[in-house]
Structures are given as C-alpha cells and as structure tokens.
Amino acid sequence: MTSALIRSSKNVVVLDGGTGTSLANLGHSVEDLTWCSGLIETHPHHVKQVHKDFFIAGADVVCTSTYQAFVDGFVKQFGVSEQEALDLIKRGVKLAKEARDEAELETGRHGFVAASVGAYGATLCDKSEYSGVYVDKLSREELYEWHLPRMRVLCAAGPDILACETIPAVEEALALVRCLETLKTHAWITFSLRDAKSTCHGEDIRVALAAVVSSPYVVAVGANCFSLTLVDDFLRYVKDLPLFDKPLIIKPNAEKSEHDRSLSEQKLHERVLDWVDAGASWIGGCCKTDSTDIASVRDQLAKASHICFKKNGEALF
C-alpha cells in the first residue's frame, strides 16, 4: 500500500503525555539515577494515579514508568537484590494495568498498556539519548545483549505492546528489532530528533524509519521528545516514505522554542487535526505535557466527524 493511501485513513489512536512531567507536577524530583522509574518503588500510588489520569483524559494507550528502569540502577539506588530489581520493573507494568482497569470502570472505554523501553543512553544519566554517542563505542550485539533481559522482564509482566522510545540512532533501533524478533513480541519504535530531518545521532530520519518499519514485530514508527515546532517539517519530510500500512507516531514536547515565539506558544490540540491530515495517526505528547493536554487533544479530535477512534474490543494493531 502506498503512503498516500495510508495517510487517507483518519483512524486515530491517542497516546499519553509526559509521565515524568506529570510526576514532577505532583512535587517529585525526577532527576535521580532512575528518573521517574524510581517512583515505582517509593511512590507507586502516584505513578498509578498519573497513568489513570491519562486514561481518563482520553488516552487509548499509556506508557509505563519504566523508561529509565534498569537492574543496576535499582540495585544502586535502593539497595535491593537483582531479583527485587526485576520485580520492580514488573511492578511498573502492573501499576499501569491496574490504572487501566480502574479507568475503564469509570469511563467504559478500554485502554492499552505499553511497556516503555528507553534508550541505553537514558540509563547513563548524561542525556546521551539525545546524542547517541555511545553507539560509536558499543556494537549492535552489545546493545542487543544489554536490552534483551530488561525487555524479557517487561514482556513477562503482560503489557499489550512495548514502546521503544527516544531512540537516537539506527544501530540501537536495529538492536531493539533483534530483541523483538528473539522475544517474538511487538513494539513501536520512535526516534529522538536533532532536527526535522535527522535523528539525534545525525542519520536521515527517513533512513532510520525505513530500517525498522519492515519488521513484522514493529507495528508503528515515528518520533518523540522533539520540539512541537518541528512537527510540520518532520511530517512533510517523511510523507512519501512507505510505511507498509503502519501508523506514524508523533509525541512532541510542549517546550518553548528559542527561535520562534509565535510557534512556541501553540498547544498540541491546536495543531492535532493538521497533523492527522499530514499523516500522523498515533498522537500524544512527551516532555512538558500532562493529562490536561491529552484531554484537549482528545476533545479536539472528537469534534471532527471524519476522525475515528478505537472501539471497545478492537485490537490495537
């Protein structure tokens, strides 16, 4: 199927917003070794509440608070055993599933849980998921061996899908695809962007998306954790890329731009219909977005008669 036919579809999936931002709004510091993943241990009720708020706001899919969850980090931060650290990772999925079930009782709308898999660089706590410099030193095999155990544990907890997020480089994305093939499980993969045309490691984003989209275990591709001001140019740049009838994801930040103040004041919901028309079909937010932003996105989409949402009982992919 051609990309033009794909983009004629107005079936839309609403994703969640920034988990870290939402937890910070509750007064938590998310600057420690395991970022917001550490709150699975210290404040699980708040993690669950953030997930539930996103579901009630209208998110069809909510990502777990496991983006920066890794065994060594939990062992070092909390003094737990390796097995206890693995159990904490599983608990992150459990909290999201509980939130989903509680929200469904209130809204009557069924949601899905995506187990968040952050880039290797996210665990280094040096922002290297926004540069990908580590792929110049680590082989694809080494990245595969590092990611596989964590992804195996996440799968064992029973999410609906994995969300491989903020991936800065093609090499790491290909290592993740190999993990999916080994585990025979499905995921979406979204890249972090340096600009509208490049991954954070400097590869052409069209090349990056094409490198992973053909895998039967990759059900959607796109970009996350990039400036809202880049979305239009990004969508124009990838519009002719064959996606094999798979959804195109955007989860931009709501942070302000230093370059264009008029654009920086825009909100997600103000542009969401334009983004759907430009080809995006799974849409949410990332940093500086919360459940109020997602509620506005859902409301804006619901006003458009040509937009269709997932029905209860309908599969995510």
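Yeah, the Cβs are placed from backbone N, Cα and C, and that goes for glycine too.
Just so you know, TrEMBL annotations never went through curation; they're auto-generated.
Feature annotations, courtesy of TrEMBL:
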type: BINDING; residues: Cys225, Cys286, Cys287; note: Zn(2+) binding site
type: DOMAIN; residues: 1-301; note: domain 'Hcy-binding'
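Secondary structure at Cys225 (Zn(2+) binding site), as computed by DSSP, is strand. With the fewest other Cβ atoms inside 10 Å of its Cβ, the least crowded of the binding-site residues Cys225, Cys287 in this structure is Cys287. Predicted-model confidence for the domain 'Hcy-binding' (1-301) is 92, expressed as mean pLDDT. Under the three-state DSSP scheme, Cys287 (Zn(2+) binding site) falls in the coil class. Within 10 Å of the C-beta of Cys286 (Zn(2+) binding site) we count 28 further C-beta atoms, all protein chains included.
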